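Participant: This structure is in structure tokens; I'll ask about it shortly.
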């Protein structure tokens, strides 16, 4: 195997939890990408205007951000975390099943808000649990985790495509005129941004003819094994209510499964009875409490802030590029044919997924800091070349693929790197997930308004600026890493497979 026996043994000991967290992230990806291609059929189903239906995007994205902030609330015990994942993954299946029954746009927005909350909880909890289980070995498992979200994001549009309407799905006297615009509008409705659709006039009254319900029911069935897998993990840990078992702290259950000597298990069980103190992987609001700041150096805050700002920029680039590359391509000077330009968002997400798959073995051989450096430099160079060859359609496709590859592993690599700097005692997971979510939402709105005022060329200029800022913030992070207090020698010498010990804060150290 391309990884050593120590990591392989640790993976085998935590096989079921790891596969469960990966599968839950597949639910996240399945839910994040279906809305764009199906939104016109949902507009027909709810008989709403395009401007009204695009608010469904906002309800999902806003509640995803809110769920990411609140996800850390469930981190205190393994039972809380797994029940939150079970409820969230089951909620996504229920959302898929309920969407065909939503004939009012407000009801649809509320249902998508519930999906957003579930996705946010999944995002925070899954990242947090893998970091807690594997700690210094977490980079490779985080890369795999984020591959599954890309895989789900690719799969859901493919499931929906056969059931999308070829013509306008509300039959009226104006259908013939409106149908000619439908392919252009549909390709503008990419997963992360609805675009400017106010100038399109589609009928709102008439007979609804759409088969998109079948796509949602298929996705509900595909996702159903995920909450079942979480339930089996709860059953294995004896946390199903009928067993009347007490909850165990998150890391203890995972680590106890790795130990073979009964005496060590008893020592760990006794140790975790102490109250869980502040510090570690809290929710965003707990992280902001003043008691967590006592005695912390300025570099502690700087590492959190600069790490979050890097992901604010890079995840923001993912959102704004996937949201506007189609609109940029069909405008002058490129004037790409609409059908051809429609492949650009799919190409971008396809290479993000491919990059995450490639990063799984690469992350074992390469340090997370090096991977992030390659990523941010690659993004910067790609945007520079896109600006230089802005009149080349071929290079637009090449640059889109290159950008997807470089952005693919940025989040998991940055998360592993930042947590490693903080020795797994900070709030990095929560802060970074929140920063990435805010960036994805804010930069889309910012770039959309700039393109509206300055023209399509500003799309690449904005990407270049954001890439430069990501590189700058990463340089600051490297500086603060050098300034951050080094771990004690006993922590450095400890083997990851040795029994985990509790420090005074109740957190496991290695």
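Cβ atoms are placed via backbone N, Cα and C, with glycine included.
If you look up TrEMBL, you'll see 488-510 marked as region 'Disordered'. Here TrEMBL flags 21-40, 52-74, 81-99, 105-126, 138-159, 214-235, 298-318, 340-358, 370-389, 395-417, 429-451, 457-480 as transmembrane segment.
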Participant: Any contact between the transmembrane segment (138-159) and the transmembrane segment (21-40)? By contact I mean 3+ C-beta pairs closer than 8 Å, pairs at least 6 apart along the chain.
Facilitator: yes
Participant: What stretch in 52-74, 81-99, 105-126 has the biggest tally of Cβ pairs under 8 Å against the transmembrane segment (429-451)?
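Facilitator: Of the candidates 52-74, 81-99, 105-126, 52-74 scores highest.
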Participant: For the transmembrane segment (81-99), what are the same-chain contacts with Cβ under 8 Å, counting residues 6+ beyond its ends?
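Facilitator: Distant contacts of the transmembrane segment (81-99): 20-21, 24, 27, 30-31, 42, 71, 74-75, 108, 111-112, 114-115, 117-119, 121-122, 125-126, 128-129, 213, 216-217, 219-220, 223-224, 226-227, 230-231, 233-234, 237, 239, 250.
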Participant: So which residues does the transmembrane segment (214-235) touch in its own chain, when a touch means Cβ under 8 Å and the partner is 6 or more beyond its ends?
Facilitator: 16-17, 19-20, 23-24, 26-27, 30, 34, 38, 79, 82-83, 85-86, 89-90, 92-94, 96-97, 99-100, 155-156, 159-160, 162-164
Participant: Are there residues at least 6 beyond the ends of the transmembrane segment (340-358) whose Cβ is under 8 Å from a Cβ of it, and what are they?
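Facilitator: Cβ under 8 Å, 6 or more out: 33, 143-144, 146-147, 150-151, 153-154, 157, 183, 187, 190-191, 318, 321-322, 325-326, 329-330, 396-397, 400-409, 412.
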Participant: Could you check if the transmembrane segment (395-417) is in contact with the transmembrane segment (298-318), meaning 3+ Cβ pairs under 8 Å among residue pairs at least 6 apart in sequence?
Facilitator: yes
